[in-house]
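A quick write-up on the structure given underneath.
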Amino acid sequence: QVQLVQSGGGVVQPGRSLRLSCAASGFTFSRYTIHWVRQAPGKGLEWVAVMSYNGNNKHYADSVNGRFTISRNDSKNTLYLNMNSLRPEDTAVYYCARIRDTAMFFAHWGQGTLVTVSSASTKGPSVFPLAPSSKSTSGGTAALGCLVKDYFPEPVTVSWNSGALTSGVHTFPAVLQSSGLYSLSSVVTVPSSSLGTQTYICNVNHKPSNTKVDKKVEPKSCDKTHTCPPCPAPELLGGPSVFLFPPKPKDTLMISRTPEVTCVVVDVSHEDPEVKFNWYVDGVEVHNAKTKPREEQYNSTYRVVSVLTVLHQDWLNGKEYKCKVSNKALPAPIEKTISKAKGQPREPQVYTLPPSRDELTKNQVSLTCLVKGFYPSDIAVEWESNGQPENNYKTTPPVLDSDGSFFLYSKLTVDKSRWQQGNVFSCSVMHEALHNHYTQKSLSLSPGK
């Protein structure tokens with residue numbers, strides 16, 4: 001069984017260093033490339049670094065290049081990530097991940113290691129009960145909440161009635177505030193009829209500060225002589241999040257394909273399922289977007305997607321696309337904007353490299369395509385042989401070079417016999433700065449080699 005077990009992490013001051021480890025078992029470590037990926041609080045996954053199985057190639061995300069170093073020790077079956085000059089924005093859960101043998105996705109993950117970069121001191125949370133008024137609980141159910149505010153560092157655990165109450169409980173991810181302290185909230189849905197007869201207690205445990213708080217949550221009786229406290233800020237109770245994705249590079253560069261900008265809304269509640277999309281191109285509203293039927297997710301929320309078809313030349317000319325999302329659970333609409341990276345396009349240079357002599361002792365060999373000097377980073381690389389597509393290839397993400405351009409490698413794995421038979425293999429590159437947006441470089445075994 002494949003296992004990746006991580007260690008390291010913790011709380012560190014800005015500017016200091018930290019090392020993460022990823023110990024592998026259940027497979028031949030020296031034959032696999034393993035990546036580091038991270039997820040900052042409230043954000044999506046971000047690729048960090050990769051080192052090839054033989055240690056010859058290392059690539060880093062722009063945000064960590066020059067500060068982080070990836071390394072491996074095959075004798076210990078361990079991958080490392082040395083992090084120097086750490087910044088608050090490096091705060092995240094870090095994962096090591098291995099790609100599945102036959103597919104370009106991460107199939108095996110470490111358990112995750114939390115790294116917190118902050119100058120804040122350890123601080124226990126303040127806990128506030130969140131309860132409806134007695135007049136607003138007549139709908140059959142009532143939502144009771146618990147706001148856990150201003151603590152450091154992560155994590156904090158929240159339970160209800162000392163763990164006896166688990167049904168209807170939803171604890172939202174922590175939010176890192178501008179103060180450098182964390183806040184989160186937990187909500188439980190209970191029958192309205194149980195209020196007043198059943199006791200509900202929110203149990204909070206913050207081990208770093210050795211703080212334990214038990215807070216009773218009960219509805220407030222409000223009348224003309226009693227003013228209910230204001231509701232907490234909606235963002236602290238969670239709510240929909242919006243993500244805007246650009247079209248695929250290949251779609252923008254081939255006239256036969258249809259480029260699309262995609263707006264994705266997640267964490268839409270059952271109570272407020274209706275989502276409204278408004279789309280704008282360079283500030284002018286357009287009405288040709290298509291909204292797909294909402295999909296229910298494993299965490300009992302909805303995911304809603306709206307897709308806007310764009311004109312090839314509009315995207316390449318740098319027009320700005322804005323998705324505006326409205327939902328009753330949001331205090332105000334959320335707007336996300338996207339466009340092609342600004343700057344003068346630079347034409348990629350393409351070089352093909354045959355297998356090394358040492359590799360010819362193996363049953364399979366690697367053909368390499370180096371693509372360098374291009375800008376922006378939107379690019380597509382494919383392989384073919386004798387007019388037929390080749391699928392057994394992997395391409396690194398574009399890497400920022402010292403001159404402001406990007407480079408990448410694409411590696412095609414083929415049986416040695418196919419190479420020695422003199423078959424011609426071609427690396428095809430699509431980029432906006434190329435003539436007709438396309439170029440191709442071929443390689444084959446030269447006679448006598």
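Yeah, the Cβs are placed from backbone N, Cα and C, and that goes for glycine too.
Annotated pyrrolidone carboxylic acid per Swiss-Prot: Q1, in sequence order. Q1 (pyrrolidone carboxylic acid) is surrounded by 6 other CB atoms, counting those within 10 A of its CB over all protein chains shown.
Spatially close to C22 (disulfide bond) yet at least six residues away along the chain are L4, V5, Q6, I34, W36, T78, L79, Y80, L81, C96, G110, judged by Cβ distances under 8 angstroms. In three-state terms derived from DSSP, C22 (disulfide bond) belongs to an extended strand segment. Under the heading disulfide bond, Swiss-Prot lists C22-C96 (among others).
Cβ environment of N73 (N-linked glycosylation site): Y80 lie under 8 Å away, each six or more residues apart in the same chain. According to its DSSP assignment, N73 (N-linked glycosylation site) is in a strand. What Swiss-Prot records for N73 (among others) is N-linked glycosylation site.
The region 'Constant (C) domain' annotation in Swiss-Prot covers 120-449. In the predicted model, the region 'Constant (C) domain' (120-449) has a mean pLDDT of 87.
As annotated by Swiss-Prot, domain 'Ig-like 2' applies to 125-218, with the evidence given as sequence analysis.
Counting only same-chain residues six or more apart in sequence, the Cβ atoms lying under 8 angstroms from the Cβ of C146 (disulfide bond) belong to V127, F128, P129, L130, V158, S185, S186, V187, C202, V204, K215, V217. The disulfide bond annotation in Swiss-Prot covers C146-C202 (among others) and rests on experimental evidence.
Summarising the annotation, Swiss-Prot assigns domain 'Ig-like 3' to 240-339 and lists sequence analysis as the type of evidence.
For C263-C323 (among others), the entry in Swiss-Prot reads disulfide bond, with the evidence type experimental evidence. The Cβ neighbour count for C263 (disulfide bond), using a 10 Å radius over every protein chain in view, is 27.
Neighbour count (other Cβ atoms within 10 Å of the Cβ, all protein chains): 8 for N299 (N-linked glycosylation site). The N-linked glycosylation site annotation in Swiss-Prot covers N299 (among others) and rests on experimental evidence.
What Swiss-Prot lists as domain 'Ig-like 4' is 348-444.
Here Swiss-Prot flags C369-C427 (among others) as disulfide bond, drawing on experimental evidence. Around C369 (disulfide bond), the C-beta neighbours below 8 angstroms that are at least 6 residues distant in the chain are V350, Y351, T352, L353, V381, W383, Y409, S410, K411, L412, C427, V429, K441.
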Euclidean distance between Cα atoms of N299 (N-linked glycosylation site) and C263 (disulfide bond), Å: 20
The domain 'Ig-like 4' (348-444): DSSP-derived helix, strand, coil residue counts: 13 helix, 53 strand, 31 coil
Pairwise CA distance, C323 (disulfide bond) versus N299 (N-linked glycosylation site), rounded so that it is a whole Å: 25
C96 (disulfide bond) in three-state DSSP notation: strand
Rounded Cα-Cα span from N299 (N-linked glycosylation site) to Q1 (pyrrolidone carboxylic acid), Å: 28
